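Undergrad: Sequence annotations record features per position, and here Swiss-Prot assigns disulfide bond to 172-196, 186-247, 238-251, 344-461, 455-465, 531-542 based on similarity to another entry. The N-linked glycosylation site annotation in Swiss-Prot covers 119, 341, 433, 481, 538. According to Swiss-Prot, the feature topological domain 'Intravirion' maps to 1-26, an assignment based on sequence analysis. Per Swiss-Prot, the feature topological domain 'Virion surface' maps to 48-577. Residues or ranges marked as transmembrane segment by Swiss-Prot: 27-47.
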């Protein structure tokens, strides 16, 4: 029995010894594992340079900085992508479209000329320098945000004078008309040898030219063809337009004073003429007895015409024969336009009565003075398919001199402020089926003209008068949706007298800093303005052709005043020049 007990005790001792060695082994393994792990962590921290806990605190900051760098890089890349998109999707197609338009205009002009050459009617293909491609007849400044009057004219720039001046003290050059297409420009004025008041004898100067850039980068107007119509005809109130066949001109032929003409019983003789690219001039009488059968006097608007849809469009005005269909359809019609923030205090009924009377001023025997638009098909045959549009007097004021303008895809009629309303007016015009429709006008309250009382520059109430002066505005600044924002022009900055010509940019209520021709006492008269861009330099220029007093050689000298349009912020009414 003792032996059995000893055997059991021995087995227990062996089992206990095994458990002890197992524990020692496990502890050793665990110790080695911990040591190995500690060495590995130490090595890793050493290799990362993060040997202290304070280094770990900076890790989030470093991550944030890295994130900012990545975001900035992505943002820069996005800017590049945006610029590429703008260039590819917007600017390049627009540039191509402008180039295409100019090429198509040139091709159209050439096709007309080829047909003309086949009919022995001349040959030639003038075109502006490439620097101007896409910069003529376009929306030159498209800006939704800037103050319109932050754009302003520079001082007048010296350039080549393309307009002949009087050469004697009794000479007189007056009534300039100008129009410029994508390929060439046209200019005309009246020449009187014995003083500006001679209404029976005159010549008509007519010229065709192109825009050039000099070797030093200066703009100049280069006359290629010109003619002085020195014959027995007395052309008056001529309007000119640049068309694919040259320079089309509409004139009346006067044999009496304006007052005598309005008191006559028959319409005024009118001719459609053309200076071709070959330098030859031809003209044809219009059938005024049919075209102006209800009129006793009819004159072109003096301002330039416009080539639209294969036709040339001119502003015309004159007197209607009483009780004819054209006269009776306007009976009782009127429109009242109001000054900005300066309401007429007269009773409404009185205003309406005076507005109605304004269309029949006493100076012209009580005839209704009517606005109209004449379009003529442009072909090798002059005077082809003339169509007269007479707009309702619920839109237009008393008939007056005017101009048809095309800028981009928009058409406008400027109407001289011969009636009571002093601020410049531009009527939007739509064209369809050879006729035109006028819409409510843009008005430019600070772009006034001098006039006799009660229709002076500050006048605000309807009245009957024949006054004012021709000073057209040119559409310069547009919204991106093609709505007109601002114009450029040269106004006569006087209340009653034709004094102080001053150029500026105008919005509907105010004007920019101005550039004066000279002191406030200088005498002036008609001004007509046109703007364009030198695409190569992205500089915008405006040309104002102005009648300026010139007492030594003739009563007036017609001067082409050239300015660059500059940009400033918050500057108004500064004096320059």
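Including glycine, each Cβ sits where the backbone N, Cα and C put it.
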Undergrad: So what pLDDT does the topological domain 'Virion surface' (48-577) average out to?
TA: 89
Undergrad: Determine, to the nearest whole angstrom, how far the Cα atom of residue 186 (disulfide bond) is from the Cα atom of residue 433 (N-linked glycosylation site).
TA: 26
Undergrad: What does DSSP assign residue 172 (disulfide bond), in three states?
TA: strand
Undergrad: Got a sec? Which of these disulfide-bonded residues, 196, 344, 461, 531, has the most Cβ atoms within 10 Å?
TA: 531
Undergrad: Work out how many Å separate residue 344 (disulfide bond) and residue 172 (disulfide bond) at their Cα atoms, rounded off.
TA: 40
Undergrad: Measure from the Cβ of residue 238 (disulfide bond) and count the other Cβ atoms within 10 Å, all protein chains considered.
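TA: Neighbour count, Cβ to Cβ under the 10 Å cut-off: 25.
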Undergrad: Just give me the nearest neighbour of residue 433 (N-linked glycosylation site) among the disulfide-bonded residues 172, 238, 461, 465, Cα to Cα.
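TA: Sorting the disulfide-bonded residues by distance from residue 433 (N-linked glycosylation site), the top entry is 238.
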Undergrad: In Å, rounded, how far does the Cα of residue 455 (disulfide bond) sit from the Cα of residue 461 (disulfide bond)?
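TA: On Cα coordinates alone, these residues lie 8 Å apart.
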Undergrad: Tell me the Cβ neighbour count for residue 433 (N-linked glycosylation site), meaning other Cβ atoms within 10 Å of its Cβ, over all protein chains shown.
TA: 6
Undergrad: Of the disulfide-bonded residues 196, 238, 531, which one sits closest to residue 341 (N-linked glycosylation site) when you measure Cα to Cα?
TA: 531
Undergrad: Give me the CA-CA distance between residue 481 (N-linked glycosylation site) and residue 196 (disulfide bond), in Å, as a whole number.
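TA: So the alpha carbons of residue 481 (N-linked glycosylation site) and residue 196 (disulfide bond) sit roughly 45 Å from each other.
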Undergrad: Measure from the Cβ of residue 341 (N-linked glycosylation site) and count the other Cβ atoms within 10 Å, all protein chains considered.
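TA: Its Cβ shell of radius 10 Å holds 7 other Cβ atoms.
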Undergrad: Just counting, how many other CB atoms are there within 10 A of the CB of residue 186 (disulfide bond)?
TA: 26
Undergrad: Residue 465 (disulfide bond): which of the disulfide-bonded residues 172, 196, 247, 531, 542 is the nearest Cα neighbour?
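TA: Going through 172, 196, 247, 531, 542 one by one, the Cα closest to that of residue 465 (disulfide bond) is 196.
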Undergrad: Which of the recorded positions 172, 196, 238, 461, 538 has its Cα closest in space to the Cα of residue 531 (disulfide bond)?
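TA: Nearest candidate: 538.
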